[in-house]
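Asker: Let me begin by handing over the structure; questions about it come next.
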Amino acid sequence: MPHFTVVPVDGPRRGDYDNLEGLSWVDYGERAELDDSDGHGNHRESSPFLSPLEASRGIDYYDRNLALFEEELDIRPKVSSLLGKLVSYTNLTQGAKEHEEAESGEGTRRRAAEAPSMGTLMGVYLPCLQNIFGVILFLRLTWMVGTAGVLQALLIVLICCCCTLLTAISMSAIATNGVVPAGGSYFMISRSLGPEFGGAVGLCFYLGTTFAAAMYILGAIEILLTYIAPPAAIFYPSGAHDTSNATLNNMRVYGTIFLTFMTLVVFVGVKYVNKFASLFLACVIISILSIYAGGIKSIFDPPVFPVCMLGNRTLSRDQFDICAKTAVVDNETVATQLWSFFCHSPNLTTDSCDPYFMLNNVTEIPGIPGAAAGVLQENLWSAYLEKGDIVEKHGLPSADAPSLKESLPLYVVADIATSFTVLVGIFFPSVTGIMAGSNRSGDLRDAQKSIPVGTILAIITTSLVYFSSVVLFGACIEGVVLRDKYGDGVSRNLVVGTLAWPSPWVIVIGSFFSTCGAGLQSLTGAPRLLQAIAKDNIIPFLRVFGHGKVNGEPTWALLLTALIAELGILIASLDMVAPILSMFFLMCYLFVNLACAVQTLLRTPNWRPRFKYYHWALSFLGMSLCLALMFVSSWYYALVAMLIAGMIYKYIEYQGAEKEWGDGIRGLSLSAARYALLRLEEGPPHTKNWRPQLLVLLKLDEDLHVKYPRLLTFASQLKAGKGLTIVGSVIQGSFLESYGEAQAAEQTIKNMMEIEKVKGFCQVVVASKVREGLAHLIQSCGLGGMRHNSVVLGWPYGWRQSEDPRAWKTFIDTVRCTTAAHLALLVPKNIAFYPSNHERYLEGHIDVWWIVHDGGMLMLLPFLLRQHKVWRKCRMRIFTVAQMDDNSIQMKKDLAVFLYHLRLEAEVEVVEMHNSDISAYTYERTLMMEQRSQMLRQMRLTKTEREREAQLVKDRHSALRLESLYSDEEDESAVGADKIQMTWTRDKYMTETWDPSHAPDNFRELVHIKPDQSNVRRMHTAVKLNEVIVTRSHDARLVLLNMPGPPRNSEGDENYMEFLEVLTEGLERVLLVRGGGREVITIYS
């Protein structure tokens, strides 16, 4: 089948993306088994345009209405049968479910693949929400707001959200540019940018997902040991300054335990992870709703979370109960626990007290003043700290005095140095996860609709949550509490939990389970991503990771993922792992934007995204923003990430990635000279890269001027899709004598190309025979990969009026040459009526009459024409023909679905052509055609000797006038006759070589000729189709039509021309199209 009927339902496989799309047609008629069958159980004639002897066999062609296209139907399918087979195949390989749909217990029978059924909400929107919301929202956003201030925090959120939104726009364009099978984001990037970039970015994406698992696990451990079960800690600080080391060691031990457990869960079965995904998502949503509920409640009833201040310094509340220096117990003033910490004595002695403690008062302020308290103004500005700085509240009185070093653990201090760039790197992971929807592309009912809508809505939703959360935190929570990363000043409560309603535990438990769920999702997705890369076999040493369990589970890839995640666990700091994660995701997003920009600027014919709201400038802005964020957040991490990607790229290039995925980078090769030509030499272009590379065959008049300049106009309008254009012509004669003439003709053509704005090359050859010259052009034009795949040939006007067969012989021979060379052929008829480049069609239709599948040329050409300003306003209509046994209603539905996947906007109409009796007009028209052929033959062969001699003289004088650049020499018998100089010898020669029994004795007997039945059927096809086409498309700006193939034997050449004339009668502008034997359009991205 052609490439768009892709994966049979009964045996889906993953990883064979490069095998999904065929490059050439197969014989749909199964001719090897049944030579006289059309593949539908009906008999047909073995050759079109049969001789009378063959017609006398009485073989009746199965479909009278399509008799003219009999030869095409030998090797190409009818539209009805093509669409029928299309709907019986699934257009998607299965996604994550394919591993569960493994072989049954017997090991020989696979479960039937279910049709993808997930919609936008469940398939894209909610998974994106779950992956975007994560540990940073609950553990670091409040700290970021307090440190950067509300204004700079909003700026950080804006930059990061703009980056992901621009990336989502580019991703939506790529995702809707055809069907994206399972493989999701990696598939899109690799098939758009090629194996080198695809492998490098794919591995960066894999490493990012793997480190995300480590980050989520570290977040879960932080919540567990800090807020849920602090006594569970294994390591305790040995001294006042050893808290950091003890915390890191606890994170490493518990992180390793959690990672091992999660890896075992994923190994046992991904279905358990998917079943709990909804629960984890519910935890996230409930937690966020509780934050908003708490913010609203704080307006009239703020929660009680007092913060103890010494002067303007924040004290760590988990070490004492009473926020005062002294307390009255039984009418006696005694020292509090706080006094003993600062004075190292339980008594009220001041000898060894901390000077700052003695000079400043201890006060208590509300940690959550509420939205009505006006703290927003205080929290607008930044308060960046260095490592070890004490968190202070501006505005509180404070006596300047030295503080003892031993007292430092009693304060809330900054554990890391902060700046705007550091916060960007830490926050960015909280906006990643936008590709969760595209990763499930194999499970979506309509990925081209769901991915853009769901992803962009999820980004807008999460962005609004982040923006509102920044403002809410700044308006409700005291600044010193916001800057308190671990909640030490509010009795080791999660800061965001202090605001939540009805209880802080809602946030604590919800965030814990959501981070655990996100970690499981990352450990599930990363091995499958590595498996997809390994199965593509672009990085040889990763090949082992493409294997797994019997049911397809990537066991070895899971093991490697766990080992890499363990490296992140050993770092043991959420704030250190987050920037690493940011680098890899930013690298991935950068190349998504690059892929979209490259495809848009190259304007490849296959670049037809259904998502229209993209622009190359937006993609470049997104790419620049990603690059800037990489270096802003951590320039050394950025260099390391780029170095890793560069090394992978060069390794794949060094290994020689012999993959052809139709990547956009190959389009750049057309402008890269020798290196590019050598690359293009490697093989035929992928279907996605196919564009009409034109060879325009021009006819020159006696003064070497272009006879039909509108052929060049048409070529320039068609090449709005860019690509290669070669303009060729033939000068008849000797090369030595006509070299100067050829140079003059070439210059004339170049001038005309410049006038018509045709960017390409010109080649004029000198040949003794025009037919041979054209054949040489068709065979040898171009260099390496820059070769033509389509020929534009002018129509032989006036062939009916000419008695000389050279008027149309060369045309048919050229058609045969293009067919033999497997080139597409475009024949614009009535070229003088085609629009110039200065005209504009403000309305109208381009009508496509799709009768026989030709590889998609008929679909692609109108799309390319509509890229030009002349045709841009025209709408596309596609007509196809239904026969008696076709379900026209179903055909229309199938055709609409097919066009939807091709990303083509067109009206669809199925025209029913029922079998009808051959009309008297058809019979008469056929009779006239055959009588004319016989008459012309007789006029050439049955003259008297005197008439022959006069005719010979006349021929010699008229030959120069009748001869054209596209006409060939006379038949062999005529050539042989001309070589004999003596009149008597020539006549004798003709008399001896012609048997009068082969033709009627005189013209009167012509009326008794009975027309050949095969010609009657073909004439019937031409007449009926012409009637239908003229009725439906008489007002169309352009009509595109399948061009029937020429007869296999030359006896029917003249009749073939008549059939084409009848087929196109009454139409102002017609483009006859004949495919080149390969697919040129695809539903895949």
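Even glycines carry a Cβ here, placed using N, Cα and C.
In case it's useful when we look at the structure, here is the feature table from Swiss-Prot:
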BINDING   Asn131, Ile132, Tyr216, Pro429, Thr432  K(+) binding site
BINDING   Leu697, Lys699, Lys707, Tyr708, Val730, Gly794, Trp795, Tyr797  ATP binding site
DISULFID  Cys308-Cys323  disulfide bond
DISULFID  Cys343-Cys353  disulfide bond
CARBOHYD  Asn245  N-linked glycosylation site
CARBOHYD  Asn312  N-linked glycosylation site
CARBOHYD  Asn331  N-linked glycosylation site
CARBOHYD  Asn347  N-linked glycosylation site
CARBOHYD  Asn361  N-linked glycosylation site
MOD_RES   Ser24  phosphoserine
MOD_RES   Ser47  phosphoserine
MOD_RES   Ser51  phosphoserine
MOD_RES   Ser81  phosphoserine
MOD_RES   Ser88  phosphoserine
MOD_RES   Ser734  phosphoserine
MOD_RES   Ser916  phosphoserine
MOD_RES   Ser967  phosphoserine
MOD_RES   Thr983  phosphothreonine
MOD_RES   Ser1050  phosphoserine
REGION    665-681  region 'Scissor helix'
TOPO_DOM  142-149  topological domain 'Extracellular'
TOPO_DOM  226-248  topological domain 'Extracellular'
TOPO_DOM  298-419  topological domain 'Extracellular'
TOPO_DOM  474-504  topological domain 'Extracellular'
TRANSMEM  120-141  transmembrane segment
TRANSMEM  150-172  transmembrane segment
TRANSMEM  197-225  transmembrane segment
TRANSMEM  249-271  transmembrane segment
TRANSMEM  272-297  transmembrane segment
TRANSMEM  420-440  transmembrane segment
TRANSMEM  451-473  transmembrane segment
TRANSMEM  505-531  transmembrane segment
TRANSMEM  555-575  transmembrane segment
TRANSMEM  576-598  transmembrane segment
TRANSMEM  613-635  transmembrane segment
TRANSMEM  636-651  transmembrane segment
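Show me how these features fit into the shown structure, please.
Answerer: Within the same chain, residues at least six positions away from Tyr216 (K(+) binding site) with a Cβ under 8 Å of its Cβ are Gly134, Val135, Thr515, Cys516, Ala518, Gly519, Ser522.
Every protein chain shown contributes to the tally, and the Cβ of Val730 (ATP binding site) ends up with 27 other Cβ atoms within 10 Å.
DSSP assigns Cys323 (disulfide bond) to coil in the three-state reduction, placing it in neither a helix nor a strand.
Taking a C-beta cut-off of under 8 Å and a sequence gap of six or more, Cys353 (disulfide bond) has these contacts in its own chain: Phe342, Cys343, His344.
Sequence-distant neighbours of Asn245 (N-linked glycosylation site): residues of the same chain at least 6 apart with a C-beta under 8 Å from its C-beta are Phe235, Pro237.
Asn312 (N-linked glycosylation site) counts 18 other C-beta atoms within 10 Å of its own C-beta, drawing on all protein chains shown. DSSP classifies Asn312 (N-linked glycosylation site) as coil under the three-state reduction.
Long-range Cβ proximity for Asn331 (N-linked glycosylation site), meaning a same-chain Cβ under 8 A and a gap of 6 or more residues, is found for none.
Here Asn347 (N-linked glycosylation site) comes close to Ala335: these same-chain residues lie at least six apart in sequence, with C-beta atoms under 8 angstroms from its C-beta. Secondary structure from DSSP puts Asn347 (N-linked glycosylation site) in coil.
Counting only same-chain residues at least 6 apart in sequence, those with a Cβ under 8 Å from the Cβ of Asn361 (N-linked glycosylation site) are Leu310, Gly311, Pro397.
The Cβ neighbour count for Ser81 (phosphoserine), using a 10 Å radius over every protein chain in view, is 16.
Counting every protein chain shown, the number of other Cβ atoms lying within 10 Å of the Cβ of Ser734 (phosphoserine) is 11.
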Asker: Per-residue pLDDT averaged over the topological domain 'Extracellular' (474-504) comes to what?
Answerer: 89
Asker: Where, among 120-141, 505-531, 576-598, 636-651, do we find the most CB pairs under 8 A to the transmembrane segment (420-440)?
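Answerer: Stretch with maximum Cβ contacts: 120-141.
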Asker: Which one is it: of the binding-site residues Thr432, Val730, Tyr797, whose Cα lies the shortest distance from the Cα of Ser1050 (phosphoserine)?
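Answerer: Sorting the binding-site residues by distance from Ser1050 (phosphoserine), the top entry is Tyr797.
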Asker: Take the Cβ of Cys323 (disulfide bond) and count every other Cβ within 10 Å, whichever protein chain it belongs to.
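Answerer: I get 18 for this one.
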Asker: Hey, which of 150-172, 272-297, 505-531, 555-575, 636-651 has the most Cβ-Cβ pairs under 8 Å against the transmembrane segment (451-473)?
Answerer: 150-172
Asker: Nearest to Tyr797 (ATP binding site) by Cα distance: which of the recorded positions Ser81, Asn131, Cys308, Cys323, Thr432 is it?
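Answerer: The smallest Cα gap between Tyr797 (ATP binding site) and any of the recorded positions is with Ser81.
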Asker: Note the Cβ centroid of Asn131, Ile132, Tyr216, Pro429, Thr432, the recorded K(+) site, then list each other residue of that chain whose Cβ lies within 8 Å of it, in sequence.
Answerer: Phe133, Gly134, Ile136, Ala212, Ser430, Val431, Gly433, Ala518
Asker: Given a Cβ distance threshold of under 8 angstroms, which distant residues of the chain, six or more beyond its ends, lie next to the transmembrane segment (505-531)?
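Answerer: Beyond its ends, the transmembrane segment (505-531) has Cβ neighbours at 15, 96, 99, 130-131, 133-135, 138-139, 186, 202, 205-206, 209-210, 212-213, 216-217, 219-220, 223-224, 227-228, 258, 262-263, 265-266, 270, 273, 276-277, 279-281, 283-284, 286-287, 290-291, 439, 494, 496-497, 542, 545-546, 548, 554, 557-558, 560-562, 565.
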Asker: Need the DSSP three-state call for Asn245 (N-linked glycosylation site) to compare against my parser.
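Answerer: Once the DSSP labels are grouped into three classes, Asn245 (N-linked glycosylation site) ends up as helix.
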Asker: Of the listed stretches (249-271, 555-575, 576-598), which one yields the highest count of Cβ-Cβ distances below 8 Å with the transmembrane segment (636-651)?
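Answerer: The listed stretch sharing the most Cβ pairs with the transmembrane segment (636-651) is 576-598.
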